[in-house]
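Worksheet: one structure, shown below.
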């Protein structure tokens with residue numbers, strides 16, 4: 001198309017010297033129109049002899065000449081000369097089509113005005129003839145896309161608009177767009193190839209010494225340099241055998257990576273070491289740490305006691321909230337993308353139609369699956385989101401005990417129960433471990449959302465990054481073990497519908513999750529069962545030097561960078577009997593080899609208790625004295 005434009009421009013330049021000086025030699029506007037029509041239909045019908053020209057002034061005035069801009073231009077036509085036969089032949093040779101010349105065009109003006117519109121295919125060759133290949137000698141400018149008029153002009157104008165199409169029916173703007181798309185795709189391909197070359201390059205990263213890194217971090221750290229060094233170290237650790245630096249061990253790389261991660265994300269070395277042990281894939285570890293910096297989406301739970309999720313969604317959308325169903329695995333959750341009104345101050349919220357609650361808090365209640373007319377205990381229930389969810393699943397039947405050791409937080413439980421329309425709940429302010437003494441073996445189901453370190457909800461409390469140490473973690477899992485054993489003791493193993501306890505935490509540390517459940521398996525006659533949750537990652541059966549029970553994979557783990565919810569752990573236990581024993585004394589149940597004979601235990605030597613004997617002797621002596629008197 002570009003070459004054709006250049007030929008047109010060249011031909012018009014050559015026509016300039018051939019302009020006749022006399023006004024009689026110039027064609028009239030009508031003749032100019034006829035010349036253009038003859039050129040379009042020259043292949044269809046040959047030119048008529050000059051002797052048959054019955055030109056009349058009236059016929060010439062019936063159809064005025066229209067330029068490409070859509071306005072008559074008699075003055076402009078005087079500036080456009082008719083090409084000489086030699087120039088016209090040279091011009092038409094590039095189009096493989098001979099145009100009528102001189103007198104032949106003048107002699108057929110009137111007849112050509114009555115011809116039908118030209119067709120795209122030639123009569124002789126049958127090939128497609130491009131309209132843009134027919135130059136208009138009345139225009140000495142280069143053909144540009146702006147020269148094509150709108151579609152509401154006359155016939156000659158619409159034919160000029162069609163001249164912008166190619167043989168394949170594409171417009172010029174479409175061809176340019178395709179070229180840009182191909183160019184962009186080529187650039188993206190080259191960028192990907194360059195990235196692959198950089199990854200596969202043989203250049204080795206020069207690791208600085210630990211002392212140099214510590215000196216750098218003491219000053220104001222440059223986060224860009226730290227992040228670049230972290231990525232380089234992760235690449236080296238990913239292909240350590242080929243990328244390692246001579247004389248540098250793997251521990252040296254991991255030590256420097258740990259220091260950089262602590263400086264970049266603001267953690268202490270203890271907690272960062274725990275995370276590096278938990279997620280040994282350091283690329284995934286970066287995703288986990290990044291996800292801890294991002295707040296989770298705001299989610300609400302519809303209250304089935306007062307409304308349905310669909311009706312609630314319509315009402316909230318009418319109030320200016322942009323809500324959608326939270327996930328496929330929940331029938332009551334809604335995610336709030338944005339809101340023009342406060343989420344916790346709408347009339348629906350005050351009427352108890354919904355409660356602001358994280359999606360992770362729905363998981364333990366779904367695993368517990370309480371049934372109507374049961375006795376259920378929520379051992380650590382504040383602020384009442386899970387308690388009201390349990391009451392809704394129980395349909396306000398049975399008895400629900402909501403306990404919390406913090407008296408101030410118990411007020412929140414009472415307020416939410418009143419607002420959500422719960423009337424089968426008893427709120428208590430006790431230590432959870434006391435329930436095993438107050439009401440032993442009296443509950444069908446128990447939910448223990450134990451207090452934890454909060455390593456799964458760091459985005460809520462940034463102080464977790466620096467406040468955790470080994471003593472704090474030990475204190476936490478000691479309390480969790482105590483509460484879980486108390487919950488098992490308060491559970492009724494002979495319940496017809498229940499006998500289940502669900503243990504959950506908002507922590508991702510193994511010491512607070514799998515290790516605590518393993519402690520309960522060793523101390524009580526319970527077993528792990530399916531939680532009924534489709535979402536989540538299986539719990540650890542092997543973790544470093546720890547070896548847990550094979551059924552530990554029935555528990556579920558949740559990570560913020562994988563599931564876009566808070567870090568969480570859920571395990572469901574069923575109480576088999578009300579016995580209390582140490583399972584280490586009964587290896588037959590845990591022994592995989594059925595044919596193996598149990599080894600006889602050594603005889604136990606019972607040492608007499610001297611204090612008890614002395615007390616018994618005194619009591620007996622006193623009784624004898626009283627009888628003798």
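Here the Cβ of each residue, glycine as well, is placed from N, Cα and C on the backbone.
From a predicted model like this one, the values you see are computed outputs, not experimental measurements.
Record features (TrEMBL):
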COMPBIAS  1-12  compositional bias 'Basic residues'
REGION    1-170  region 'Disordered'
COMPBIAS  38-72  compositional bias 'Low complexity'
COMPBIAS  103-113  compositional bias 'Acidic residues'
COMPBIAS  120-136  compositional bias 'Low complexity'
COMPBIAS  137-170  compositional bias 'Acidic residues'
DOMAIN    288-576  domain 'SAM-dependent MTase RsmB/NOP-type'
BINDING   380, 381, 382, 383, 384, 385, 386, 404, 431, 449  S-adenosyl-L-methionine binding site
ACT_SITE  506  active site, nucleophile
REGION    579-629  region 'Disordered'
COMPBIAS  609-619  compositional bias 'Basic residues'
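Here the features listed in TrEMBL are painted onto the structure.
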| residue | record | CB count, 10 Å |
| --- | --- | --- |
| 380 | S-adenosyl-L-methionine binding site | 20 |
| 382 | S-adenosyl-L-methionine binding site | 24 |
| 384 | S-adenosyl-L-methionine binding site | 29 |
| 386 | S-adenosyl-L-methionine binding site | 24 |
| 431 | S-adenosyl-L-methionine binding site | 13 |
| 506 | active site, nucleophile | 23 |
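Whole-number maximum of the Cα to Cα distances across the S-adenosyl-L-methionine-binding residues 380, 381, 382, 383, 384, 385, 386, 404, 431, 449: 20 angstrom. Taking the domain 'SAM-dependent MTase RsmB/NOP-type' (288-576) as a whole, pLDDT averages 94 in the prediction. Residue 382 (S-adenosyl-L-methionine binding site) sits 14 Å from residue 506 (active site, nucleophile), taking the C-alpha atoms as the reference points. Distance noted between the C-alpha atoms of residue 386 (S-adenosyl-L-methionine binding site) and the residue listed as 'active site, nucleophile' is 14 Å.
Across the fold, the C-alpha of the residue listed as 'active site, nucleophile' and the C-alpha of residue 380 (S-adenosyl-L-methionine binding site) stand 13 Å from each other.
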